[in-house]
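As structure tokens, the structure follows; a few thoughts come after it.
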């Protein structure tokens, strides 16, 4: 039982990246989950760093305005061997956290490993396995890119864990 009150809610999942930020929106009513929309925000790779972050922020704000989610969930940063890349990814995550917070949404964060375990059943799942499970869980989503599948997986994880977390609290 995902939504005990049976009041439909929309959840925005975000897979932040400086080159491509995937987003996905799901609707949850009771134990039923359905696909609303998904896409990718792609800043100009040749643009200045600050302009690329602004593009991500404004793109996420536009998604929020268009799809009116009630809550948001963002994938946490994984550590890279390149510290500079990890730092830049952290900036992209900041944009992904601030945009929904600015809109007044509850924002949750989940590790990549937890998202994989929640959707596929193992924290070591690869991109193909995530894509396969997204197609099974949200058949109306159609074919998704890896970024979109990851974002939808984050939204699904939040949908499943939000009720469990409330039961514990």
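Glycine too: its Cβ is placed from the backbone N, Cα and C atoms.
Quick look at what Swiss-Prot annotates:
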type     : residues : note
ACT_SITE : 15       : active site
ACT_SITE : 75       : active site
ACT_SITE : 147      : active site
BINDING  : 15, 147  : Mg(2+) 1 binding site
BINDING  : 75       : Mg(2+) 2 binding site
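DSSP assigns residue 147 (active site) to a helical segment in the three-state reduction. A C-beta separation below 8 Å, combined with a sequence spacing of at least six in one chain, links residue 75 (active site) to 13, 14, 15, 16, 109, 110, 111, 112, 115, 150, 151, 154.
When secondary structure is read from DSSP and collapsed to three states, residue 15 (active site) falls in the strand class.
Long-range neighbours of residue 147 (active site) (same chain, six or more residues apart, CB within less than 8 Å of its CB): 15, 17, 20, 21, 22, 40.
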